[in-house]
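Trainee: To start, I am sharing the structure in question, which I have written as structure tokens.
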Amino acid sequence: MQALTEQEYQDWLTAKGLNVPFYERYADWVVDVFRGDFGFSFEKNTEVGPLLAERLIATGILGFWVFALMIPIALITGVVAGMKEGSFQDRAVSFISVFTTSIPEIATAIFLTVIFALGLGWLPTKSAMTQGFDWTQLVLPVMTLVLYDFGYVARMTRASMAEVMTSQYIRTAILKGIPYSRVIMRHALRNALIAPFTVIVLQLNWLLSGVVVVEVFFQYNGFGKMLLDAALFGDIYVIQAGTLAAVFVAVFSQIISDVGYTLLNPRIRFS
């Protein structure tokens with residue numbers, strides 16, 4: 001490939017609007033964002049807006065299945081462990097949750113790939129979706145993220161449930177002869193799920209940032225891999241658009257967390 005001459009290079013900078021000061025380019029970009037124009041990706045040779053939407057949808061599909069599997073498993077195991085603090089199931093859940101959380105995502109991804117892809121041959125090693133959407137290519141990334149995130153939510157649920165079960169109103173309800181199942185379902189669960197709810201909602205932030213390792217390892221074309229590729233290539237407009245999307249998700253999840261906490265907590269009432 002023939003190198004560009006100095007004049008050709010300057011002409012290219014002028015054509016792309018890159019020969020003006022950075023603050024002017026940023027101001028122009030902000031104005032364009034309000035018009036729905038996120039810029040142009042030099043690496044992908046396409047508009048950033050459609051690219052960002054495509055990658056966010058891909059990560060959204062991955063995140064949906066992670067949450068759909070992780071939330072019920074973590075909540076059920078956490079509640080069961082917290083109902084009888086110090087019991088065998090409590091110790092087992094605590095050990096498993098700490099163990100899964102302490103292992104880095106990359107180690108879990110390698111372990112699962114060696115067993116289910118290379119060893120048993122049940123699943124593909126990559127999730128690039130080059131031949132179209134394939135459910136089997138989602139299994140390993142989803143399993144990796146579920147195992148990593150399960151422990152944190154389960155431990156939070158277990159701690160919250162254990163605290164609620166030792167509270168005075170729960171003991172009073174049990175001493176009054178109210179059936180144990182009714183005490184759990186009507187009195188304990190609502191208060192015990194307040195803290196896990198806020199944690200689960202805030203996991204949206206982790207999903208956009210922490211998913212980078214998994215997406216890159218499995219070659220899954222999602223939001224995290226897009227940001228890494230843009231950073232390595234120096235694709236500034238993709239980086240800016242991705243950062244804007246991440247900030248929006250962070251603010252949105254924080255609002256949902258606060259509103260949900262207010263609605264779930266019986267001690268808080270709107271005046």
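All residue numbers here begin at 1 and follow the chain in the order shown.
Note that Cβ sites are derived from N, Cα and C of the backbone, with glycine treated the same way.
Pulled these features from TrEMBL for this protein:
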type	residues	note
TRANSMEM	56-81	transmembrane segment
DOMAIN	56-256	domain 'ABC transmembrane type-1'
TRANSMEM	93-123	transmembrane segment
TRANSMEM	135-154	transmembrane segment
TRANSMEM	192-218	transmembrane segment
TRANSMEM	238-264	transmembrane segment
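So that I understand the layout, could you describe where these features sit and how close they are to other parts?
Mentor: Residues 77-78, 80-81, 136-137, 139-141, 143-145, 147-148, 150-152, 154-155, 158, 210, 213-214, 217-218 of the same chain lie 6+ residues outside the transmembrane segment (93-123) yet bring a C-beta within less than 8 angstroms of a C-beta in it.
For the transmembrane segment (135-154), the residues of the chain that approach it from at least six positions outside its boundaries are 61-62, 65-66, 69-71, 73-75, 77-78, 81, 93, 96-103, 105, 108-109, 112-113, 116-117, 123-129, 196, 199-200, 203, 206-207, 210-211, 214-215, 218, 220, judged by C-beta separation under 8 angstroms.
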